[in-house]
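Enquirer: Encoded as structure tokens, here's the structure I'll be asking about.
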Amino acid sequence: MKTLLLLVGLLLTLENGQVLGDKAVSDRELQEMSTQGSNYINKEIKNALKGVKQIKNLIEQTNEERKSLLGTLEEAKKKKEGALNDTKDSEMKLKESQGVCNETMTALWEECKPCLKQTCMKFYARVCRSGSGLVGHQLEEFLNQSSPFYFWINGDRIDSLLENDRQQTHVLDVMQDSFDRASSIMDELFQDRFFTREPQDTYYYSPFSSPHRRSSLLFNPKSRFARNIMHFPMYRHLNFNDMFQPFFDMIHQAQQAMNLHLHRLPDQLPMTEFSEGDNHDRTVCKEIRHNSTGCLKMKDQCEKCQEILSVDCSTNNPSQMQLRQELNNSLQLAEKFTKLYDELLQSYQEKMLNTSSLLKQLNEQFSWVSQLANLTQGEDQYYLQVTTVSSHNSDSEVPSGLTRVVVKLFDSYPITVTVPEVVSRNNPKFMETVAEKALQEYRQKNREE
């Protein structure tokens with residue numbers, strides 16, 4: 001008898017599988033909840049698309065800053081190249097008279113080489129560590145083949161400047177190629193009427209609007225972008241996926257184009273020998289391994305090497321000293337402009353990385369809407385549909401003091417959320433809380449996938 005009474009009691013409290021305490025939730029109430037939740041989701045979609053426009057504006061602003069910086073780079077490049085040309089001209093003129101003082105410099109060079117080798121190998125063993133034996137043999141050959149005149153005119157500094165110029169040109173070319181590829185995609189994307197409407201136009205999409213109004217707001221049928229994605233007559237119904245997936249695909253393509261080429265950049269920009277600390281040491285290690293020229297940077301630590309730099313040949317050839325002074329002046333100027341160019345290049349790279357970061361934000365901001373669009377294949381009018389509402393009184397598995405709500409976002413998997421019972425079902429905040437939690441879980445799962 002007790003069992004029978006219990007069954008009767010359960011039957012009285014059940015209706016279509018939805019329960020809440022002693023009062024069943026009717027189909028009409030579930031529909032009202034679904035409508036309230038759908039309104040919240042609709043608002044979040046609008047906010048997401050507003051966010052897309054805001055990020056688009058930031059990308060355009062960053063691009064304007066990039067263009068301005070590029071102009072400054074071009075001016076600095078002209079000054080740098082002018083100084084480099086003057087340096088090479090002075091070097092050529094000096095080489096024509098290198099026989100002067102050759103005997104004095106050669107004698108000093110023979111005393112300079114052992115000190116230079118010892119100082120360099122100590123540095124390499126302490127800082128660079130790997131492959132000291134091979135580097136020592138390579139350095140021996142380099143010093144034997146080098147001339148004291150090359151040392152006297154600071155040939156290592158000239159070679160470093162020319163190599164930096166080559167690397168800087170390469171870095172800028174890579175960044176420009178990267179941006180041009182991404183920019184062509186973004187230009188096509190941002191020219192669509194979806195992005196060109198005024199900010200106050202907050203009407204983007206609603207499941208309750210007519211297909212005609214929806215298509216006229218989002219697409220300019222004359223644009224190439226619209227023609228590419230609208231292979232069907234304008235009067236046909238546009239589903240959510242048809243409208244948003246192409247945007248997402250193009251944003252993803254732009255981000256890939258940007259990142260692919262930025263990854264080709266060196267870990268650090270070329271003009272690092274003027275910097276201090278670990279970066280400088282790593283650069284010297286690299287130069288020593290490459291062709292031993294990094295060792296010449298240690299000439300200040302060897303007395304005989306310093307004496308070579310102090311040799312005065314003006315007695316035998318007054319014009320040579322003047323040429324050397326001109327070389328040193330143009331060399332210092334070239335180093336100054338090369339350093340300035342490198343600083344501007346780093347700023348330019350930061351702008352590029354900012355654009356890449358904004359594209360990533362654009363991707364993340366838009367991806368959940370786009371992924372959600374893949375689920376909107378049915379004719380259901382609700383974004384969010386409430387299927388079950390229960391509490392501890394009706395389901396012992398529900399923790400005390402909580403209301404459990406099972407919902408579906410479009411055709412997605414069921415999502416279960418809990419709401420404190422202090423927020424009653426009649427409270428306007430109830431379904432807002434449910435929808436917010438459901439959307440958070442959906443976004444989280446979408447990111448993990």
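One is the number of the first residue shown, and numbering goes on along the chain from there.
Quick reminder: no glycine exception, Cβ is built from N, Cα and C everywhere.
Swiss-Prot feature annotations, pasted as is:
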| type | residues | note |
| --- | --- | --- |
| SIGNAL | 1-21 | signal peptide |
| MOTIF | 77-80 | motif 'Nuclear localization signal' |
| CARBOHYD | Asn85 | N-linked glycosylation site |
| CARBOHYD | Asn102 | N-linked glycosylation site |
| MOD_RES | Ser132 | phosphoserine |
| CARBOHYD | Asn144 | N-linked glycosylation site |
| CARBOHYD | Asn291 | N-linked glycosylation site |
| CARBOHYD | Asn328 | N-linked glycosylation site |
| CARBOHYD | Asn354 | N-linked glycosylation site |
| CARBOHYD | Asn374 | N-linked glycosylation site |
| MOD_RES | Ser396 | phosphoserine |
| MOTIF | 443-447 | motif 'Nuclear localization signal' |
Enquirer: By CA distance, which of the recorded positions (Asn85, Ser132, Asn291, Asn328) lies nearest to Asn102 (N-linked glycosylation site)?
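Expert: Going through Asn85, Ser132, Asn291, Asn328 one by one, the Cα closest to that of Asn102 (N-linked glycosylation site) is Asn328.
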Enquirer: Asn85 (N-linked glycosylation site): which of the recorded positions Ser132, Asn328, Ser396 is the nearest Cα neighbour?
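Expert: That would be Asn328, nearest by Cα distance.
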Enquirer: Sorted by position, what residues of the same chain at least six away from Ser396 (phosphoserine) have a C-beta under 8 A from it?
Expert: none
Enquirer: Report, as a single number, how many Cβ atoms besides its own are within 10 Å of the Cβ of Ser132 (phosphoserine).
Expert: 12
Enquirer: How would DSSP class Asn85 (N-linked glycosylation site) in three states?
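Expert: For Asn85 (N-linked glycosylation site) - judged by DSSP and reduced to three states - the answer is helix.
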Enquirer: Which one is closest to Asn144 (N-linked glycosylation site) in space, judged by CA to CA distance, out of the recorded positions Ser132, Asn291, Asn328, Asn354?
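Expert: If we rank Ser132, Asn291, Asn328, Asn354 by Cα distance to Asn144 (N-linked glycosylation site), first place goes to Asn291.
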Enquirer: Have a look at the recorded positions Ser132, Asn291, Asn354 and say which one has the shortest Cα distance to Asn328 (N-linked glycosylation site).
Expert: Asn291
Enquirer: C-alpha of Asn291 (N-linked glycosylation site) to C-alpha of Asn354 (N-linked glycosylation site): distance in Å?
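Expert: Rounded to the nearest whole number, the Cα-Cα distance is 36 Å.
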Enquirer: Would you count the other C-beta atoms found within 10 angstroms of the C-beta of Asn102 (N-linked glycosylation site) for me?
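Expert: Cβ-Cβ neighbours of Asn102 (N-linked glycosylation site) within 10 Å number 15.
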